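Peer 1: Found this in TrEMBL, in case it helps:
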| type | residues | note |
| --- | --- | --- |
| TRANSMEM | 6-28 | transmembrane segment |
| TRANSMEM | 40-62 | transmembrane segment |
| TRANSMEM | 82-109 | transmembrane segment |
| TRANSMEM | 121-140 | transmembrane segment |
| TRANSMEM | 152-171 | transmembrane segment |
| TRANSMEM | 196-213 | transmembrane segment |
| TRANSMEM | 233-253 | transmembrane segment |
| TRANSMEM | 265-283 | transmembrane segment |
| TRANSMEM | 289-309 | transmembrane segment |
| TRANSMEM | 321-340 | transmembrane segment |
| TRANSMEM | 352-369 | transmembrane segment |
Amino acid sequence: MDLPLVTMFGGFALTGLVTVLLGPALPGMSERWHIADSQAGLLFAAQFFGTTLTSIVTPWRVRLSLVAGYALVAAGMATLAFAGYAVAIAAFALLGMGLGLSLTATNLLVGSTDADRRGRLLTRANFFWAVGAVVCPPLIGLAERLQQMRPLLLFLAVMLAFVSVRLLPLLRMKEAEPNVSADAEQHQTGKQAEPPIYFFLIFAVILFLYVGTENSIGGWITEYSHRFLGIPAARASLAALTFWLMLVASRGIASELLRKVSEAAILLPATMLAAAGTLLLLLRHGTAVVFVAVAVAGLGCGPVFPLLTSRLFARSGSSRHVGWVFAACGCGGAILPWTMGLVSTGTGSLRTAFAVPLAALAMILLFILSGSRHGRAASET
């Protein structure tokens, strides 16, 4: 399959920016709309429940999903440019539906490449996603300071619509099973073409926890810095920038390391590093330690998602169960940040709410360690 990788990776960078946009924009939105943490959590929930719904259907028409996904994200950004709080919930739901289509379709198409390149290309694709995530916080901070959020959102809507148009030639190609090369590999090696259902359930749970963790840290760290460190809202996005910058750096490093070491040699240490950084955020300390904690968490989180998806595609072949596995990602991205908002409101402490992603990382570690011992869980696929 001849994929337009340049356009796909460029579009993936834009989706990275859009995915994390709510986090750095949240302090400004909270001040303008006078909303509590529990209400802010609904915005995260709307976006990622939208992602969940569309991820399920993506494997049935992968190329159409890719094109339509970027069009929906563009529409969501244009709507958000003129939204108050109530309309913003609908706008973020629309963004989520578009992201569910475009992100899942890109991962499926890139995951269809041969085994020798699959891990590197998935890590590289997610590297570009993380580049967009890195660009987002300073861009939002600048727009807030200049009071130019609406023009920025409209500009991004135009760019996303352009990507959708550039991908239209894919619709002229005959739809094929997204992971046909993986199927071929499995038949050649005599492996089972369709893994048992528990295989997909394990990955669904792990990816639910991981995506929820990443979005919880990236989504709430700006508000955390604004509230506990006294950093102005327009500059508090530096904390989110640090997180995403370290995440993109670690994905770039992991992409090169995979030429020399196995995926398993990276996955466990990375998850432990992410847990250590998140634990630091639960403790009372000054600005320097917060930024160190955020950097450590970002470095640890970076390789986890592409390595897990590479292992998923290595065994899943052309199975359409992959759709609901990616839907679980969206559920995690909705539920965990929302839960953080509820915990923060209930306890009166956003710091305490960071126990939510820490608990999720602890559960991921248990899955990985269990898989290492028994050779049947996610880390031994």
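Keep in mind that glycine also has a Cβ here, set from the backbone N, Cα and C atoms.
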Peer 1: Find the member of 40-62, 82-109, 233-253 that has more C-beta pairs under 8 Å to the transmembrane segment (6-28) than any other listed stretch.
Peer 2: 82-109
Peer 1: Is the count of Cβ pairs under 8 Å between the transmembrane segment (40-62) and the transmembrane segment (321-340), pairs 6 or more apart in sequence, 3 or more?
Peer 2: yes
Peer 1: Six or more residues beyond either end and a Cβ under 8 Å away: which residues meet both conditions relative to the transmembrane segment (152-171)?
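Peer 2: Sequence-distant neighbours of the transmembrane segment (152-171): 4, 7-8, 10-11, 14, 17-18, 63-64, 66-71, 73-75, 77-78, 80-81, 139-140, 143.
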Peer 1: Tell me if the transmembrane segment (265-283) touches the transmembrane segment (352-369). I count contact as 3 or more CB pairs below 8 A, with pairs 6 or more residues apart.
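Peer 2: Stretch pair touches.
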Peer 1: Please figure out which one of 82-109, 289-309, 321-340 racks up the most CB pairs under 8 Å against the transmembrane segment (265-283).
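Peer 2: The stretch with the most close Cβ contacts to the transmembrane segment (265-283) is 289-309.
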Peer 1: For the transmembrane segment (321-340), give me same-chain residues lying six or more residues beyond its boundaries with a C-beta closer than 8 angstroms to one of its C-beta atoms, as numbers and ranges.
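Peer 2: Tertiary neighbours of the transmembrane segment (321-340) are 37, 41-42, 44-53, 55-60, 96, 100, 103-104, 107-108, 178-179, 197, 200, 203-205, 207-216, 219-220, 312-313, 350, 353-354, 356-357, 360.
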